[in-house]
Amino acid sequence: MDEAAAGQRASPLLAKNDGSSYGEESQSLLEEQEPQVKTKQSGWRAPSIILGLECLESMAFNGIATNLVVYIRSVLHGGIASSASTSSLWYGTSFFVPILGATIADTYWGNYKTVLISFIMYLLGTVFITVGAFLPSAPALCNTESCSSMNGTQHLVYFSGLYLTAIGCGGVRSALLPLGADQFNNDSSLDIQKRRNFFSLFYICVIFGVITSGTIVVWIQENVSWAIGYGVATACIALALIGFLVGTPIFRRHEPHGSPVRSVFQVIVASFRNLALELPADSSLLYEVRRKNTQKSEPKLAHTDDFRFLDKAAIMSDLSLDQDSCTSPWRICTVTQVEELKILIRLLPIWATGIFFCVGISQMHTTFIQQGTVMNTKIGSLSIPAASLYSFEVICVTFWVFLVNKVIIPVTRACFANGAEMTQLQRIGIGRFLMIFAMAIAAFLEMKRLESVQGGDQPLSIAWQLPQYFIIAGAECFTIITQLEFFHGQAPDSMKSMLTAFALLTTALGNYFSSAIITLIARVTGTWHSPGWIPDDLNKGHLDYYYWCLAAISAVNFVVYIYFASKYKLKKAVIQV
């Protein structure tokens, strides 16, 4: 089919895709030109309940996660490497489940039903964990049949509860925040500002749960009773479930609107079905539609020249027109659908480097704690549990957020031309770079700690771990928070939930990779040079070598990120009239 014929036959169905872009300023102008519609403003009753639920959920989750590696090591008698690996697997699973939860919520259940069912599973899991902690534990060196039976029962109950909790937590994470955002009216400018404040308050609630669990709950677990400490987490989820049910009458609910994954597969299938067709030289001849009977012009994604093979999904042929099958989404897709898939492909390498970044982040929950347990945990007259330093890291993240927003960004705005500031990709790159230093500092500290042990000196104070926690907090601020913002901003409107969930998935895969690396290094180095780098007695190992390996991995990861970030094309949209 020649280009002229394509233009004549398709003109009634095509919308001009001229590539003209618009930004935040032009978007605000469009909003100003639209007629102002008076809408009922939303109150804070429902969002306040959801914020309270997040405080309780965060306290419960971190009350389990923060000291998990210590419990597995001290009560369940796991080895250094196996306890770190088990902890990483569970922690990673809790961040992997939101992908499934988001898909189910968008396609079948909706946010409300997903949160409700997830809270019920969450509660069952925490009850199992608490019961498992109440069960008697066999002595570490007991190998009799009764001891094996005792350990088997406790392990079955505890780990069943642990993974039920991970599933429930993942469901809550995937739907509770969107449910809170649904309580605000999209047509009200005041509600839009309220929603922005809600996101900030939601993050503060997450931090509140981390700090509370890292101090009070961890102290109860190590100084009073593990069972009572887990009982506190169970009580938090029970209160959250009750509060959720109480708030049911005032929650605004939205029906599920289908999975965005289907659109991706439609583009792939249509591309292969149109494999024999030739692309038109003029991209404006590719298929695009504009919804009818709408007062507001909806922005579409502008066509880009990369990944041209996928453009075949938007080709209109004479055959498709004659058979009136152009509306079949499995035979022809819009340019916007094609560009949505291209966005996913462009984000893929940025996302992949986030996985290796999260390998370093996961050390706070595993080897950092194990390193701290063999140091002097006394600071003055206080005994500081090694797991409690994670609360210090959370406080540091809050400090870094203030520093970045109030100092660093204004300074860069004053230094750069035209008042420009650091881009999101630049801020993510800074976080990747800081991770190299965090791992190097941890390696250097472990070298000094081993020297003091071998020299017969007093163990180093756990306070020497504070610098590595401070630097890793800066890396987390620059990368994790900005990465969520970047993925959400680059995502098409139909994929924001999915890409936000994928941003969370980097944490899960980072934990899985950390578990695999720890297990591999422990086995290889144990065979090559007993007792290996990560033995049960860290004073006989070389945890510093492991940290140097992570520093090298972080350095390579930074270089790879810089390459792909420099090639990245930001999303552009067009206004079709």
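Using N, Cα and C of the backbone, Cβ positions are placed for all residues, glycine too.
The region 'Disordered' annotation in TrEMBL covers 1-39.
Here TrEMBL flags 89-109 (among others) as transmembrane segment.
Residues 57, 60, 64, 71, 75, 101, 109, 150, 153-154, 157-172, 175, 225-227, 229-231, 233-234, 237-238, 240-241, 244-245 of the same chain lie 6+ residues outside the transmembrane segment (116-135) yet bring a C-beta within less than 8 angstroms of a C-beta in it. Feature annotation from TrEMBL assigns transmembrane segment to 116-135 (among others).
Listed by sequence, the residues of this chain that lie at least six past the ends of the transmembrane segment (155-177) yet keep a Cβ under 8 A from its Cβ atoms are 50, 53-54, 57, 61, 64, 76, 90, 93-102, 104-105, 111-112, 114-115, 117-133, 135, 199, 202, 237, 501, 504. Residues or ranges marked as transmembrane segment by TrEMBL: 155-177 (among others).
Residues or ranges marked as transmembrane segment in TrEMBL: 198-220 (among others).
The transmembrane segment feature in TrEMBL is assigned to 226-246 (among others).
Remote same-chain partners of the transmembrane segment (347-369), defined as residues 6 or more beyond its termini with a Cβ less than 8 Å from a stretch Cβ, comprise 65-70, 84, 87-88, 91-92, 386-387, 389-390, 393, 425, 428, 431-432, 435, 438-439, 442, 465, 468-469, 472, 475-476, 479-480, 483, 486-487, 490, 499, 502-503, 506-507, 509-511, 513-514, 517-518, 534, 543, 546-547, 550, 553-554, 557, 560-561, 564-565, 568. Here TrEMBL flags 347-369 (among others) as transmembrane segment.
Under 8 Å from some Cβ of the transmembrane segment (389-409) lie the Cβ atoms of residues 66, 207, 210-211, 214-215, 364-365, 368-369, 372, 421-422, 427, 462, 465-466, 469-470, 472-474, 476-478, 481, all in the same chain and six or more residues away from its ends. The annotation transmembrane segment is assigned in TrEMBL to 389-409 (among others).
Non-local neighbours of the transmembrane segment (430-447) in the same chain are 353, 357, 360-361, 363, 367-368, 371, 422, 460, 464-465, 467-468, 471-472, 474-480, 482, 543-545, 547-548, 550-551, 554-555, 557-558, 561; each lies 6+ residues outside the stretch with a CB under 8 Å from one of its CB atoms. Residues annotated as transmembrane segment in TrEMBL: 430-447 (among others).
Remote same-chain residues near the transmembrane segment (467-487) are listed as 347, 350-351, 354, 357, 360-361, 363-364, 368, 389-390, 392-394, 396-397, 399-401, 404, 424-425, 427-428, 430-432, 434-435, 437-438, 441-442, 445, 499-500, 502-504, 506-507 (criterion: CB distance under 8 Å, separation of at least six residues from the stretch ends). Annotated transmembrane segment per TrEMBL: 467-487 (among others), in sequence order.
Beyond the ends of the transmembrane segment (499-525), by six or more residues, the same chain brings 81, 84-86, 88-89, 91-96, 98-99, 101-102, 173-174, 344, 347, 351, 354-363, 366-367, 480, 483-484, 487-488, 490-491, 532-535, 542, 545-546, 549-550 to within a C-beta distance below 8 angstroms of the stretch. If you look up TrEMBL, you'll see 499-525 (among others) marked as transmembrane segment.
Look at TrEMBL and you will find 545-564 (among others) tagged as transmembrane segment.
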Contacting positions for the transmembrane segment (545-564) when only residues 6+ beyond its ends and CB under 8 Å are counted: 349-350, 353, 356-357, 359-360, 363, 367, 428-429, 432-433, 435-436, 439-440, 442-443, 446, 517-518, 521, 525, 533-534
Non-local residues, at least 6 beyond the ends, that sit with Cβ under 8 Å of the transmembrane segment (89-109): 61, 65, 68, 117-118, 162-163, 165-167, 169-175, 178, 256-261, 362, 365, 497-498, 500-502, 504-505, 507-512, 514-515
